[in-house]
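Student: Below is a structure I'd like to ask you about.
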Amino acid sequence: MNKMDYLDSGMRYNPKSGDDSWDTGVQFLPASNSKKLEKKGPKKALAIVAVLVFITVLSVMTGLLVWHFHFRKEMKVFKMYAGTMHITSETFQDAYEDSASPEFSALAAKVQDQLKTLYSNTPQLARYYVRSTVNAFSEGSVIAYYISEFDVPANQEAAVDSALAEIGKRLLRGQRKLAPEQLRVGEMVTLPVDPRMARNNKCSYNLHAKPGVTGNLSSPGFPNSPYPTDTHCLWRLRADPGYVLKLNFITFSLEDDCSKDFVRVYDSLGPLETRVLAEKCGTFSPSQPLVLISSGNVMLLALVTDDNRNFPGFKAEYSQILKDSNACGGQLTGNNGTFTSPNYPAFYSPSMDCTWKIQVAARLSVKVTFTKFLMSEPGVKLKSCTKDYVEINTQRYCGDEKMLVVSSQTNEMTIRFHSDATYVDRGFAAQYKAFEPSNPCPSQFHCANDRCVSEKLRCDGWNDCGDSSDELACTCKTDQFACKNSLCKPKFWVCDGVNDCGDNSDEEPCACKSDQAKCRNGKCISKKMFCDRRDDCGDGSDESECDNTVVIDCTEFSYKCKNNQCINKKNPECDGVEDCADRSDEAACNCGTRPYKHSRIVGGQNAEEGEWPWQVSLHVKGSGHTCGASVISNRWLVTAAHCVQDDLKVKYSQASVWEAYMGLHAQGQLGKSTVKSNIKRIIPHPNYNTYTFDNDIALMELESPVTLSSVIWPICLPESTFVFPAGKSVWITGWGATKEGGFGATVLQKAEVRIINETVCSSLMSDITSRMMCAGVLTGGVDACQGDSGGPLSSIEANGRLFLAGVVSWGDGCARRNKPGVYTRVTMYRGWITEITGV
Ligand code: 4AZ
């Protein structure tokens, strides 16, 4: 390093050995005078020191100045406030809708002036005020929507917020003595804008709904390119006076993280926090429509994005509907009937109050059952119901309720619905029914929560009431386990790793000693033996779930990377963490994801469109849906071998008999994304046993590769070492019979079932092999059935990815209690599948 370079132009430091006075003299010389330069060593040194001092002082001063003018300034916070001003001294003119009109400019200038005067006369605000911009006007008499900007020192932020919170009152006080040219204001609200709304690249659109016409709007670039990054787009929507706006998102697909990209809809033309109707991100299924309705004739839609790409965005329809069509409540007579919250299943509007008065025949009582109840709002504490609620007999209900039932003591009931000015939800659907007070559940069991369930369901180990009251005070049957808390549970839930009794007594018989832990094969070993890099369990399970993924000797239970190294982590594939040195565990992971993650489930067991994009409906040509299958790549399907066995009438083993429907939701209703494909070849497992259904798995190759899409997508295949533990919740899907011996479903059905312990499975079902697994439903009455065969048993794993745990194979009837469904264990066939398909 040559620290003295800067002297090269004029002075040269040249200490001579033995010259101890070199640092005592400094002299500035012309560069050419090299002789003199060399002689005056000490003076030169002094000159250097002086220059150094000078430079240091200069740098410090510059630093201070930079700090003063740059960083001190940076310590100020730029703040935006959104406001509305109700101007009573003006009447609305159509020209106010057009921000380019002279009328708009004139009124906007007046509002801006008035705001400037107001802020200048407010001591906490005057110094920090930057500017105000009027963005829009609407009717009533005239409402001005503006943004005021302030540059506030960080320590003054709270003071400015509170001064602005009071500014409306201040303005009204000042209105008592008003100059003739000043605007008379009836109300004024100013609130801080969500800082995320201050992103760059602004764009804005003004749209006025035309009577009887549905307009369209979409995010920039939709559908041909992803929406732009770092954008802040606004759509100001208006309807004629007396009308409200209806905004219906036809497609909606944004990034999943709302802190990055989001859509906000306001019940106002300004981004006021007190008027947010909804904030949405992620993807909504077409079967969960997102329809919002305003309370007045204006609505603001904002799209805010950050720097990530590749999400298509949204397309929406807007229209105006008569305000009266939003009316709700009323008198309900007759001994039964139904009613819903306003706009249901669209979102209810803000600021609504409805009252339903139900009156049934004298001497009878009323029971209301809410089949759907979705009234959630951010920031409302559980059960506090301070914002949107339903009120019955002074009791308020809010949030998401499953099977809410309310009864009255008399023949009347009053139901009040209230929504506040912010955040709306889907609301409720309800049925009411009259009942005899002395006999509320004729020939049925009366649950503590007022539901009525069949007497047969009493003490059967299943929570049929929803509050377990049908399972209290029971004597357990032979196939039931007596919990310590007196509940009776099916024996097949004992020792499955799930606390079914509630007091864990069903898990105690198999519990290990306190210093021990359980292996996957049930053996108890000392806790210390876990993760000591020795296979103490005998099945490798004590070494397969350690905090730090380490390379171990390969066993049949350890995951093998492509480079043949084995690691001790349980289920490392496609979990979002690169565990193998060669990253092969995360290599083939374009599978198991679904497009719609954000929808809450409204419907019972109907699947949502695109919820199970690997689900295939296998049709026998000419006779319709016959079996299910799963997409595992753009060319291959997995199904059950028993689906492709010839019988006397049909040669099911021939590819030409079949056609595969992918991206299908409802039988007979081909969507625009549904693909029908012929089959090129069928490969049943060579060891399929027609008697025992052992190895009940087959592969089908499509005639030509299918284009994968949001509704056609492969499910991940588990490696042979993948573990689906007993007790885990998994999903079955299909168009099979909805009850034993019944008809198939039109809309794809789904049900949550639980994996059952292998020993228990063998005790309940005959001829269970290691290539089969059992899964059943805790609440009973739900199972795979005829027509579901070949379909997937899908398991949600790390990262939200779904893996094919099983293939629907067989069972003793359907949905019989203590008779779980039997599934082909897919881990057993991983090698065979790759061998044939390359997947
Ligand atoms: C069938 O016949 C079938 N309960 C599939 C599954 C089950 C029963 C029957 C399981 O395809």
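Each Cβ is built from the backbone N, Cα and C atoms, and glycine gets one as well.
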Student: Which one is it, CYS554, CYS574, CYS580, that TrEMBL ties to CYS566 with a disulfide?
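Tutor: As annotated by TrEMBL, the paired cysteine is CYS554.
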Student: Identify the disulfide partner of CYS459 as annotated in TrEMBL; candidates are CYS447, CYS474, CYS476.
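Tutor: Candidates were CYS447, CYS474, CYS476; TrEMBL matches CYS459 with CYS474.
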Student: Identify the disulfide partner of CYS495 as annotated in TrEMBL; candidates are CYS483, CYS488, CYS510.
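Tutor: Here TrEMBL pairs CYS495 with CYS510 via a disulfide bond.
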Student: Consult TrEMBL and report which candidate among CYS512, CYS519, CYS561 shares a disulfide bond with CYS537.
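Tutor: Here TrEMBL pairs CYS537 with CYS519 via a disulfide bond.
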Student: From the disulfide entries in TrEMBL, identify which of CYS483, CYS488, CYS524 pairs with CYS501.
Tutor: CYS483
Student: If you run through the domain 'CUB' (328-435) with DSSP, how many residues end up as helix, strand and coil?
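Tutor: Helix, strand and coil residues of the domain 'CUB' (328-435) number 0 helix, 57 strand, 51 coil.
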Student: On the three-state reduction of DSSP, what should I expect for CYS510 (disulfide bond)?
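Tutor: Reduced to three states, the DSSP call for CYS510 (disulfide bond) is helix.
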Student: If contact means at least 3 Cβ pairs within less than 8 Å, sequence distance 6 or more, would you call the domain 'Peptidase S1' (601-838) and the domain 'SEA' (77-195) in contact?
Tutor: no
Student: Whole-number Å distance between the CA of CYS512 (disulfide bond) and the CA of CYS519 (disulfide bond)?
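Tutor: For CYS512 (disulfide bond) versus CYS519 (disulfide bond), the Cα atoms are 10 Å apart.
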Student: When the Cα-Cα distance from CYS589 (disulfide bond) is computed for each of the disulfide-bonded residues CYS465, CYS483, CYS524, CYS531, CYS537, which gives the smallest value?
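Tutor: If we rank CYS465, CYS483, CYS524, CYS531, CYS537 by Cα distance to CYS589 (disulfide bond), first place goes to CYS531.
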Student: Can you tell me the CA-to-CA distance separating CYS554 (disulfide bond) and CYS531 (disulfide bond), as a whole number of Å?
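Tutor: CYS554 (disulfide bond) to CYS531 (disulfide bond), Cα-Cα distance: 15 Å.
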Student: Return the residues near CYS524 (disulfide bond) by Cβ distance under 8 Å, restricted to its own chain and a separation of at least 6 in sequence.
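Tutor: Sequence-distant Cβ neighbours: CYS512, LYS513, GLN516, ALA517, LYS518.
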Student: Quick one: give me the count of other CB atoms within 10 A of the CB of CYS537 (disulfide bond).
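Tutor: That number is 22.
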